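**Q** Quick one: this structure, given as structure tokens, is what I'll be asking you about.
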Amino acid sequence: MCDEDVAALVVDNGSGMCKAGFAGDDAPRAVFPSIVGRPRHQGVMVGMGQKDSYVGDEAQSKRGILTLKYPIEHGIVTNWDDMEKIWHHTFYNELRVAPEEHPVLLTEAPLNPKANREKMTQIMFETFNTPAMYVAIQAVLSLYASGRTTGIVMDSGDGVTHTVPIYEGYALPHAIMRLDLAGRDLTDYLMKILTERGYSFTTTAEREIVRDIKEKLCYVALDFEQEMQTASTSSSLEKSYELPDGQVITIGNERFRCPEAMFQPSFLGMEAAGIHETTYNSIMKCDVDIRKDLYANTVLSGGSTMFPGIADRMQKEITALAPPTMKIKIIAPPERKYSVWIGGSILASLSTFQQMWISKQEYDESGPSIVHRKCF
């Protein structure tokens, strides 16, 4: 089915960023925003080659004149036409490959609706004519990337956060928890609390500036109340940031108030458990015999786990919830921003995986539903 010399393509479609590259590589070649932009204004310069839509970095750089849309919301594809544009851009512009010559490994959110998975399969075979494809669950790939087959993955990206317990390579669906609170919500919250400080950020373009502030300056406090005290009495926690127009803004307690929402969703007006409690609840839904292995192998993954201080805080919070003698270990690999992609790269290059691909022939015989039989 697969010639040894043809590298498989690995595409991790996140709500915020798309990561793509070749199986066997240790990092994705292309990382670009999962954005499709359409002009807000009529083009007036004839012959400038203005397009009716822009994808990724190009959409990002022309954001001032475009309306930006994210086709993946909360980890699940909501706009298939735009998604197709993103895949087209991935293959032809970013990786510069012909998809009909390579097997493609795609990733999906845990608990992805069945119809979504079928639609992905259909587009790959019918629109892009791939010779073979596979759909893998993101959290499972993150665990592979950490060199484990058992553990619980707390995966938090831009659109959604999941806690996924995995035992001997199988995700335990009954214990998967989903929290619709992730990077994009934190960016929106930071926009809101910066507005209270008197800075105004409203447009989709300005939101990207705030996202940058979040990524560069925010951190998780080990003790939130204590940190608030420190911030109110001294200026030691203040940092400044230069906006694109040269204006400099100062931020203080917003630096840790923003990511604190992951532990206290009530900050966003949400009646949900924080990431520590969600992780604990997930573990408690598993068989009592495997909990010990999960506590000792709690793996963080995704861009929203990149805040400094998050691992220590998780350790502290889960220790407080768990039985007193339990050994708790939080694993935060430095490359966790891309661990889903790295796990996909590892999986797709394993010799034992080669018979797992769904081939074009199998698809033609069975149709899109083949994906439920072959990918689990």
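In case you wondered, yes, glycine gets a Cβ from its N, Cα and C as well.
It should be emphasised that the depicted structure is a prediction, and the values quoted were computed from it without experimental measurement.
Annotations for this protein, taken from Swiss-Prot, read as follows:
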MOD_RES   Cys2  N-acetylcysteine
MOD_RES   Asp3  N-acetylaspartate
MOD_RES   Met45  methionine (R)-sulfoxide
MOD_RES   Met48  methionine (R)-sulfoxide
MOD_RES   His74  tele-methylhistidine
MOD_RES   Lys85  N6-methyllysine
**Q** Return the residues near His74 (tele-methylhistidine), defined as same-chain residues 6+ apart in sequence whose C-beta is under 8 angstroms from its C-beta, sorted by sequence, else 'none'.
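**A** Correct list: Ser15, Ala109, Gly159, Val160, Asp180, Ala182.
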**Q** Taking the Cβ of Lys85 (N6-methyllysine) as the reference point, list residues of the same chain whose Cβ is under 8 angstroms away and which are at least six residues distant in sequence.
**A** Val36, Ser53, Val55, Pro71
